[in-house]
Amino acid sequence: MPALRKHPQTATKHLFVTGGVVSSLGKGLTASSLGQLLTARGLQVTMQKLDPYLNVDPGTMNPFQHGEVFVTEDGAETDLDVGHYERFLDRNLSGSANVTTGQVYSSVIAKERRGEYLGDTVQVIPHITDEIKSRILAMAEPDAAGVRPDVVITEVGGTVGDIESLPFLEAARQVRHEVGRENCFFLHVSLVPYLAPSGELKTKPTQHSVAALRSIGITPDALILRCDRDVPEPLKNKIALMCDVDVDGVISTPDAPSIYDIPKVLHREELDAYVVRRLNLPFRDVDWTEWDDLLRRVHEPQETVRIALVGKYIDLSDAYLSVAEALRAGGFKHRAKVEMRWVASDDCETEHGAAAALSDVHGVLIPGGFGIRGIEGKIGAISYARKRGLPVLGLCLGLQCIVIEAARSVGITEANSAEFDPKTPDPVISTMADQRDAVAGEADLGGTMRLGAYPAVLTPNSVVAQAYQSTEVSERHRHRFEVNNAYRDRIAKSGLRFSGTSPDGHLVEFVEYDPQIHPFLVGTQAHPELKSRPTRPHPLFAAFIGAAIDYKAAERLPGMDLPEQFVPVEHSDADAPALEEPLEKSDVRG
């Protein structure tokens, strides 16, 4: 009789997170929080998201359907859950952290065309599942620093029972077979609904969801019960019995006040200890030092500031998820609570509309985006804030709108972006040379932007250099358009400074007004929100929230008047020639 195959006890462990009953239960946050707990126990953890949609990546998807696109250091356009992973683990992930059906099928079909399958009939099993498995198992390889992860947490997108998810679930089942059951753990997130008329929590949906999972060969090792309240012990015992799961593996996770409370919720239910025990991982106590400090900043703020996010996609807040979290983290830095006001950019197209939307906020953030809709509203919001000394932070498209507004303020009345008006006589924002084919429709749109981390050099003693405490920085990007260098000198007459560029000096990366002209009006072509962490707020967001706190404090001073340079100044077309005067003689500081 052949000997049983032995699996090495030192092998990287694989933990799969699946979801049942309904979508949007918080699988990504559950996986991220468990990853944070294991990391706090001294383990090396990495994470991956399997998305069952046919798109190659979310880069060309509608923000209203998918939410934000999270860009990694290596330039991959990934699911927003990868942002949760990076923030909770406090580590950078690569493009391999997100796998889609589109990627898998593209790879398999390309291999078939090259003849790599040697004439085999290419099928979902084994070819598609093998491709998925190879990407899952590749996560266990050593990283760039040569460190092999102790645990790979893989979130399977979608809901058990969805036809699109079946190949991924089958691949996960086969991974368990290949690495050994002792090296694999399945965590299933399910809904336990509360029926108000009868006053009952119902377990039947969870039972059916687990039955569907078991029908394809996967028995969960633990269950996350999502509910708006604690699930009592008798119901947990019932679910454990009916779903054939250890009672210790039935975890009640009621809604938490903050997403950063979830690790504490899971720890209170001893999920992390159960996982460590089942996977035979080294047991160390959780080091709560850093996370407890974060939670004190979350729940015991000493100040509150109101920030307006002026955007196009505010009907789905997930479209600006990383921006919102970066703003909150900037608040944590100052022990301040950030109240978000979601302002539709269309509402700020007129001065009256901007005043109605922004008159009682302490800062304005202009996020990235694409297309002409709402652009004049973003420019209107910047103009309103510039004239009143209201702190502004512009990201990507936000920088471009700051530049357009500055150009118009010094008489370049037709200033616009080639993206919004290809025939504008004054394209102060122009198409990047290597992006012209894509913009003209002669090349693929997906995956062709300027993506990933790029360096920038900052002007010494500038606002941004002081925020970063450095003159050399690296930020992630996602854009096709740039500031037109032919207009730099004319735009500079507004007082706007080009305070950061690419190392060769060609590409404008940061703009700002001198603090004597405006206390904090800064734009960056990058997406700094993607590098912010709750425990390590991004310097630009921390500086922005600090400026908002100062603005609020100045508001409270009795009898305070606006400095002269912040008093709104209107220019007629007849004034335009006078705007060529030296800055100190001009009113264009507005």
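Each Cβ is built from the backbone N, Cα and C atoms, and glycine gets one as well.
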Swiss-Prot ATP site partner of S24, L25, G26, K27, G28, L29, selected from D74, D79, D81
D81
Please pick, from R306, R476, R480, the residue that Swiss-Prot records in the L-glutamine site together with G369, L397, G398, L399, Q400, E419.
R480
If I take the alpha carbons of G398 (L-glutamine binding site) and K238 (CTP binding site), what is the distance between them in whole Å?
53
Should one count Cβ atoms within 10 Å of each candidate's Cβ, the binding-site residues G28, P205 would be headed by G28
T206 (CTP binding site): which of the recorded positions L25, L29, H527 is the nearest Cα neighbour?
L25
Counting Cβ atoms within 10 Å of each candidate's own Cβ, which of the binding-site residues S24, T203, Q207 comes out highest?
T203
Under a three-state reading of DSSP, tell me whether K204 (CTP binding site) is helix, strand or coil.
helix
List every residue in the same chain as G369 (L-glutamine binding site), at least 6 positions away in sequence, whose Cβ is under 8 Å from its Cβ.
G311, K312, Y313, C396, L397
When each of the binding-site residues K202, K204 is scored by other CB atoms within 10 A, the minimum falls on K204
